[in-house]
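Per TrEMBL, the features are:
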| type | residues | note |
| --- | --- | --- |
| COMPBIAS | B:1-10 | compositional bias 'Basic and acidic residues' |
| DOMAIN | B:43-446 | domain 'Major facilitator superfamily (MFS) profile' |
| REGION | B:1-21 | region 'Disordered' |
| TRANSMEM | B:44-61 | transmembrane segment |
| TRANSMEM | B:85-104 | transmembrane segment |
| TRANSMEM | B:116-138 | transmembrane segment |
| TRANSMEM | B:212-236 | transmembrane segment |
| TRANSMEM | B:265-292 | transmembrane segment |
| TRANSMEM | B:308-325 | transmembrane segment |
| TRANSMEM | B:332-351 | transmembrane segment |
| TRANSMEM | B:357-378 | transmembrane segment |
| TRANSMEM | B:390-413 | transmembrane segment |
| TRANSMEM | B:419-442 | transmembrane segment |
Amino acid sequence: MLVKVFTLLLSFSYVISDGQVRQMVTSYNPGCQTQKCPECSPGVVYVQAKGDNDILHYVVSALGGPPTALVIKTNRPKERYQLNINCKMMASKNDTERKAAITLPSGLKKIYSYGVVFSRLFQYNDTADKADITAYNINSTKWRVYDFTEFEWQDITTWSSNNLIVMKVKTSGEVMDAAFYNESLVLQFHMFDHSDRSKELPHLLYDADSTQFDFTLQDIDTGNYSSARWGLETVLLGSDKKTTGMHIETKKSIDDEYTPGVFEMSNWLTRPGNEANGGYLQWKPVCYLKPGRARSVATKVDYTNLASTSDVNVDTFLQSSIMYSYFPDIMSVSRSATNFTFGLESDGGFTKTNFTSWTAQLGFGAPPEDKVSSLVVGVISAGLGLPVILIMFGGLFVIIKKKTSKEGYTDLDTDRSNIQ
Amino acid sequence: MTDSQSEKKPLLGAVNEGDDGEEEVLEGCGGTMACNPHRPLHRYLVLAIMCFLSFGSYFCYDNPAALQDTMIKALDISESTFMGFYSWYSWPNVILCFFGGFLIDRVFGVRMGAIIFSLFVTAGQVLFAAGALVNHVWLMNVGRFVFGIGGESLCVAQNTYAVKWFQGKELNMVFGLQLSFSRVGSTVNMNIMQPIYQWITGFGFKNDYTDLGVVLMIGAIMCVFSLFCALALSFFDKRADRILKRAAVTSDEQIRITDVKDFPLTFWLLSIICVGYYVAVFPFIGLGLVFFEMKWGFEPSLANNVNSLVYIISAVASPVFGFLIDRTGRNIFWVILGTVCTIGCHALLAFTFLNPYVGMSCMGLAYSILASALWPIASQIVRNSQLGTAYGIMQAIQNLGLAVIAIAAGAIVDSSGYLILEVFFLACLCVALIAAVMLYLVDASRGGKLNRSAKERKRLAALKEEEEEEKKLLD
């Protein structure tokens, strides 16, 4: 009963939505005459999110291998606010064509652009069960490296809808003994036109300037690895000079009401110090080992220190991705890489459930922050206020009573018959 | 003299040493300090036995927790089946220990009651062990059920004994000491069961569950020991009754179960404090481990240390605070102090990242204060002839609260996280605090009997004694 009332109260506090609303237009395989387009396989999704003063252009695709989301923020002209995107040119073998596949028409001015590229998956056999990816030498036999440029993806139009873009793997290529097939890797982007909190754990707060993605690994044959764990190599890019240093900021919070048991939030900022005009990747250090997300199946998400992309040799993957079609001069833009790792000491690893799902958020501007809900403030002030009032009035009452009775102990003495 | 006074007379007889002319002449050991019921030393020796009365039950209560992994493996049971061993103990006691207390007052008397409930405890543990020996989980559940019937009611008997022997003397300290012994019992269990199990496996029984059964049988020895304590207490109590002329509750006084409705408001306020406070401490400790791991990033072993701080500190501090409370009186102020401190501790844990060692240590101290000050108050509200029923009710309400809140707390964490859980506990504590303040006000308006300082109590006791003397002279 109490729980019900409590959760009911809580559900009220969820209904907070403000901020701007965007108008969304989704198109598939721009530049191709039909929605299904074999020449652009595995397909490109282009979403325009029109606000009052600006437009966010999302281009999401696994063309070339590495799944990528590119976001371009532009002004909002009276007309012609579509990007010039040609997916056939993006898929072209010709470098000159590829370089010119995404351009801005005159009148559309770029305010900022940023994006995320997933370059590789690392599987390691965590025999020490410390869930620390850095503890193993990359040249040892404890590793399998899955390079996304080798992957084949299912057609993006098959599963996607207006505000959900879904990328599913087809195979991981013969080289890597086809450990991945069909749904064993799913990456989906939720597009938002307003502010709210996600219905799914970890209940991240989103706004009209952000998109959330779920990264899911499942049913993967880990062969002879007794305790397989994963690392996801991720690159964040921003349209600044490459000297602009990116930074991951981790904030602790006393408030875990939205994500039970999680007291941290991390923001990977493309423009630290100028967040309001930069991009971010935001996540809570939690992922889930079963499809029914709950605290009982939660485990940790960690990350390795940010590295320069050239140091960890991922620049070639960036060039294979669709980023190259927008940033032809990709070597000169700001970018850095990290490995997100999943799992915690003695949680059984990926092998135990053969499932891991993680949600994070890519967005523009100051990253959303959790605020202590009014429920907490209300209960605390009522709970502490009531006794204080009671003590004050009660104390007053007692003092007055003592003052008015002439002899201090009269009451007690007449009460003597009850002493035990 | 009114009726109610004559009821109390026997017990007051114990307070006023040697107020009767015809004294029984004590010979041999009976005349020495240690064996003479008139002497404090004798009282303290009886206290020692009293403390061990429920040692066996506390020791065996947490046998499953001490052997959790072993038990799950040896019996090949699931986590929820394992938790069932605790549910079979606790749920029936939501009601049964109320009847246990009533039976002590009405039918058995405290001496017989303690013996009977000790027998239940012993039988329950033996059944539990037998169930493990033959690998039948249902038999083990039956064992825990029987054990529970005994265990909780035995606590009621222990409290009643404590009041009978120490009212008007060191009652607060005695309650503190009993609390500390309950902690010692479960701590000893936690630390020695695993080594004993290892030792037993060395004998090479065929099955793991046989090993387990043998270990639990060894646990039953503690229950037998407590049974002996119950017998010894019964002997000393009877002897003291005879020597000190404390008559047993007279049969003309009818104790009915419906008397409960005539319990004063102050008693119910006391019960509210009891349940509001305890539910904010014990279910929290049950969920604390993961909380410390997640919020402060503690290693599991460190988190476990922090989590057990409350138990360890209360084991040491509660007799000390009990002693202090005996010296100062003013129990309600102590209760309010304990509750306010616990609110502070929960607030620290909920709203700051301050090392939880601080919050948990303070909570251990606050809990000691509260537990030593709270339970003796009941003995001043309710007539001694109904004390068993009263403690039974408090215990039953507390058990109900703990059982319900433990489930609710788990659900709250899963749906809304630890901050909301802490807020929930704070709300419970605020209810306890409001009840405590109400208790003070209600009591103050009726003359402030419960919150007297030790000095006033002494003065009034002396006054009363004088009056009785006068009366005797007049007769």
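Placement of Cβ uses the backbone N, Cα and C atoms for every residue, glycine included.
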Range from B:85-104, B:265-292, B:357-378, B:419-442 with the greatest count of C-beta pairs under 8 A to the transmembrane segment (B:332-351): B:357-378
CB contact flag for the transmembrane segment (B:85-104) and the transmembrane segment (B:390-413), at least three pairs under 8 A: yes
Top partner of the transmembrane segment (B:357-378) among B:212-236, B:265-292, B:308-325, B:390-413, B:419-442 - counted as Cβ pairs under 8 Å: B:308-325
Beyond the flanks of the transmembrane segment (B:212-236) by at least 6 residues, Cβ under 8 Å: 37, 46, 49-50, 52-57, 59-60, 63, 67, 70-71, 74-75, 111-112, 114-115, 117-119, 121-122, 125-126, 128-134, 154, 161, 189, 193, 196-197, 200, 203, 205
Stretch in B:265-292, B:308-325, B:419-442 most in contact with the transmembrane segment (B:390-413), if contact is a CB pair under 8 A: B:265-292
Whole-number mean of pLDDT values that fall within the domain 'Major facilitator superfamily (MFS) profile' (B:43-446): 88
Non-local residues, at least 6 beyond the ends, that sit with Cβ under 8 Å of the transmembrane segment (B:265-292): 298, 300, 302-304, 306-307, 310-311, 335, 338-339, 342, 346, 349, 356, 360, 363, 367, 370, 374, 377-378, 381-382, 390, 393-394, 397-398, 400-402, 405-406, 409-410, 413, 418, 421, 425-426, 428-429, 431-432, 435-436, 438-439, 442-443, 450
